[in-house]
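S.K.: What follows is a structure written as structure tokens; I'll ask about it next.
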Amino acid sequence: MKNDGKSNSILVSGESGAGKTETIMMLMRYLAYLGPRSGTEGRTVEQQVLESNPVLEAFGNAKTVRNNNSSRFGKFVEIQFDKEGHISGAAIRTYLLERSRDKERYKLGAGPKSFHYLNQSNCIEVDGINDSQEYLATRSAMYIVGISEEEQEAIFRVVAAVLHIGNIDFDEGTEVDSSVIKDDKSRFHLKTASELLMCDCDKLEKALITRIMVTREGVITKTLVPELAIVSRDGLAKTIYSLLFDWIVNKINVSIGQEANSTQSIGVLDICGFENFEVNSFEQLCINYANEKLQEYFNQYIFKMEQQEYTEEEIDWSYIDFVDNQDVLDLIEKKPGGVIALLDEACMFHRSTHETFAQKLYTTFQQNKPFLKPELSRTAFTIVHRFAGNVTYQTDHFLDKNNEYVVAEHQDLLRASACQLVKSLIRLLPEETSKSTKFSSVGAKFKQQLQELMKTLSSMEPHYIRCVKPNYRFRSSIFDNQDVLQQLRCAGILEAIKISCARYPTRKTFIEFLHRFSVLAPELMEGNNDDKIVCQKILDKLGLTNYQPTPPWKIGKTKVFLREGQMADLDARRREVLQRAAKTIQRKIRKHLARKNFFLLRKSTIHIQSLCRGMLARKTYEMIRREASAIKIQKTLRMYFAKKLYLQQKMAAVTLQAGLHAMSARKEFRFRRETKAAILIQAKWRDHREYLCYKALQDATLVYQCAWRQRLARRALSQLKMTATETGSPKAAKHQLEKRVEVLTMRLRLEKYIRADYKEAKEEVMKLRKQLLEMQIQVQNAEAAIRKEREATKKAIAEAPPIVKETPIPGEDTTKVDPLTAEVEQLKALLQAEREACEAARKAQEESLKRNEELVKKVEVAEKEMERLQDTVQRLEEKNLNLEEECKVLWQQAIVMSDTAKKMAMLPNRNLFQAMAQKLADRKEIEPEEKPKISLNEEQQENQELLIKSISQDLGFSRGRPIAACLMYECLLHWRSFEVERTSIFDRIIQIIGTCIETSQDNNDTLAYWFSNSSTLLLLLQKTLKSSGAVHSTAHRRRTPSSALFSKLPSVRGTPQNISRALLGGRQVEAKYPALLFKQQLTAYLEKIYGMIRDNLKEEISPLLGLCIQVPRTSRASLTKGARSHANPQAHQNLMAHWQSIVKSLTTYLNIMKSNFVPPLLVRKVFVQVFSFINVQLFNSFLLRRECCSFSNGEYVKAGLAELEQWCFDTDEFAGSAWNELKHSRQAVGFLVIHQKPKKTLEEITKNLCPELSIQQVYRISTMYWDDKYGTHSVSSEVIRSMRVTMSEEANCQTENSFLLDDDSSIPFTVDDISKSITEVETSDLDLPPLIRENSGFAFLHRRNEFSIV
């Protein structure tokens, strides 16, 4: 390179595993040794170039069946040199990274076997390779090439994220053609990958299992099946790893640096050799195509260009035949009919598959000799490579691997990452791969890179190194002759050897030859002008005749051709001549340098002597000065120690005195606090004792009342039994029931009509609201027109000439003044008309407001009437059900009696008295058996009374479980109340709950207590009760005949012990109608309690929210003036007092529900709807009140929203998504406080600042905005005009134009939601109340507790 002044290239080729990578490393070490230079920060360019190999190998090499460390990418290292031959820079270019087989060779915390991307080959370790040492070497190399510690950690985070992404599995989702994360293990890897990539876990999951399709109708989100989700997962992993590899290469190039003015360089090319595996894919086609291209360049350089040059120089030459692979290259790269071109064409069509692509190849190349079609395959094809033999390629994944487009969801995910390295990776994507509208293929890109490489190699002097693999058994010192000969034949080396034996490898032009070797015969240069003759004479003089075959050299038209070795011989002779001349010059220079050194040594000796004398004098002076300084330091130090000791003693005395004073004060304070607490405890105890006495008397009164009512009920039952014997009683009861059903039906119809009227009234109110807003807008426009007319009138009056004096005016001037006077009168009349129109508009607005208030009152009255009718209908339905149950019992008794009468009528007269006697005897036998049952029912009634008495009190909680709910559930389950056709225990429980709720509507503690008990009891019923077919068809049974109804009643019952044993075993109970009705009533009360708690919280914060909507006037004045004083913290605290009161209310309600163990799901739902209410109130105030749309008010509301955000952050478990409900208010406040509004475009406002707001809402805020602090303006007039155009377009296609938000007062949960959110509730091991614990009727609860303890 230095001699010829031309760049050189070294092409290393060979099969996989032949040693190309090691050869490249040896070449680079040699070049670094020949051209070293000093570097910066201890890292030279040579070190960086050499250490780039371990880094690239760690991330780009993999183990294959033919090589333990196979390079899965091509690499071209261009080393730049300066004029002196020192390395000045380097550049690394890579080609075709095979992402599917890359494997890291460093540890990542977990074993490689646990990662899907590393354990598929079942080859984790390689003999002779220590992973720990390789990892340390890689880290050291990364530091040398300029990758910092932070960047290394980020690289390893990305690599670990890729491995965790590979462990994410998918399963079929609940919807059609959808997928979900398979299990907790996959969920763990998903969460770990998102943490490593510093992105949102939900966004990562969504990017893996969904695709967003943009159509003309809009954006469609499509879910992926598990197979496509796995493809998406692997695509994301490959994209991240490929971009990471490109980032490392760019980082190495930037760290090494390149010299822009460098003209000489040496390029070293390392690319994968020919590959032929059992399964060959798109990567093998590209690798073999690159090797065919390089082999074609080798042939062109060695054979074609060589023989062409001999012909041009008229050198006698015998041509040698060689293998030409141009037909194979045309088959792969030719346009438009090549394999790569057809593959790009297939990728452009979305319906193309690998089978259609293979059929296209068969049709196109059926007459092409290098192309063969396998007999037993429909998706494979074979290419006859001239140097690698027949290679069969499988087209199964050609289309996917050739498409370089990166999914938009993956791009958005990487851009949203908080990791700077991940963000920088997405910037490496070319523009074609980041847009779905532009097609980019890997094959076309690789073809272009290969063409650029060939262009670069063509500008350099090539040198070839052929690596030969001795055997395929990975054994040393074993040469397989057949394999080696085949490799030499495939590489074209045999033909190259033939040419080398007969060719002239060294060629120099006449001028170059004379410039270099004229020193060997300088006398021949005198008097000769013909360069060709001089060159021939020099060669004759030197006598190069000892080389075979003859002639040893040739003289062409413009060049001298030399045999192998002759150039070295000429250089050796030239070197001898130059050495003799150099020795003469060195002798003269050494003499001059020796004389110069002598004079310099003498001068230096004199200077050193003077320096030594000065140093001794300075040393003496320094010693004297140090003694004086030491004495002064000792004096000062002794003074410091004495002063420090005194201050310590003084501080200790003061501390002891303060401690004694504080101890006596604390003792006095503790005594006073204990005295006050004792008095308070005594007062509370006396209050509690009196309250217990009152409750005992009240309970006793209730017990006596219940006993008396029970006695009356038994008497009434006996009378009903007596009347049931009459035949007409069931029919009368039936007719009476039918009449009641008709009355209830009419009432239900009436309720439907009332609901329809309510709906119409509500719609009318909405219309009136719209009309009111339109009238307000018209009034504003009229006021604006009036202001404009006033300004025009003032301007016209100002422009009119004033009349100051009464002077005679000529006729011409009068004619000029009269039109102006008439115009002024006309403007005054127009102003008066506008004022009258404005007044009429105001009156119309007031009338519409009055009508609106009247309609609102009517709606409220209708709502109250509807609620009353609903309660009435509900009570009538309950009474109807009870009457139906009584009718069924009476009907059954009548059927039994009618059957008995028929049997007695069929008996003969003589046996009639015998049958009656037998019947009386049977009754006497049955009566003793029925008495225990009656006593048993009475005992159960007493137990039920005791249960009702217990749950009416506050039983508290046991280990986070409500005792009342668990106690009711266990008792009802043990008494088999769920399987009874008729019972009153459910009604009494519902009555207790309703009474407690109605009497404690404002007591949030009581509401939260029953909220927790109702939800827990409802959860237990949901998981225990099983609805039977008869119960589900209750409505249908009411319309069926009574005979069919009573034929389905069960006649045999199990014992309570068997039922309890079965329930303890985990079996569900087949519930009857009373149990299901109880469940429905309990659900209704749960929803009612939820609404009451929510509404109480809304009512409490509503007044505070009204104060928080607008900043106070005094505070606004201070904010407007921008005053800064020492009282600003106190002023800020006063401003935030209302917001802090809201936060305090939220915290109070949260603590109440937490103390009563309300399920977190219900707590979250409460706060979500409350925050939605806050959002509606704030946002509607911005839209309706202009004083709220100011800059200072926006800052005030923004500070308040920050308080709410902090509360949501502190209570994240119970706040849930409540903060997201304030999105409208947050975006509106952000728009108010943003600066430079006139510079914002409509697209920036609607997409970046206020994406959730409609155009009408943004227009409303923009027109009502006013800056009371800095005096800035709102958005530009062009933006306002664009908003109006957009609103007019939307008004044509939308029916609802209201821009106000509505408050959501619905019930946002179901029983199934509660059941899914709460785990199993253990009802055993409870802290029972004394009334239950001391009663023997509840012994089964003690047994359950003992069973759970065991």
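Glycine too: its Cβ is placed from the backbone N, Cα and C atoms.
Remember, TrEMBL labels are computer predictions, not curated facts.
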S.K.: Tell me which of 289-311, 450-472, 657-679 corresponds to the region 'Actin-binding' entry in TrEMBL.
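M.R.: Per TrEMBL, the stretch marked region 'Actin-binding' is 450-472.
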S.K.: Which range, 338-379, 506-547, 716-757, 758-799, does TrEMBL list as coiled coil?
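M.R.: Comparing 338-379, 506-547, 716-757, 758-799 with TrEMBL, coiled coil matches 758-799.
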S.K.: Any residues 6+ beyond the ends of the coiled coil (758-799) with a Cβ under 8 Å from its own?
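M.R.: For the coiled coil (758-799), the sequence-distant neighbours (Cβ-Cβ under 8 Å, at least 6 residues beyond its ends) are 820, 823-824, 827-828, 830-831, 834-835, 837-838, 841-842, 844-845, 848-849, 851-852, 855-856, 858-859, 862-863, 866, 1297-1298, 1300.
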S.K.: Using DSSP, what's the helix, strand and coil tally for the region 'Actin-binding' (450-472)?
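M.R.: Each residue of the region 'Actin-binding' (450-472) counted once, the result is 9 helix, 7 strand, 7 coil.
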S.K.: I'd like the Cβ neighbour count for G19 (ATP binding site), meaning other Cβ atoms within 10 Å of its Cβ, all protein chains included.
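M.R.: Around G19 (ATP binding site), other Cβ atoms within 10 Å: 17.
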S.K.: Take every residue in the region 'Actin-binding' (450-472), average their pLDDT values, and give the whole-number result.
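M.R.: A mean pLDDT of 84 is what the predicted model shows over the region 'Actin-binding' (450-472).
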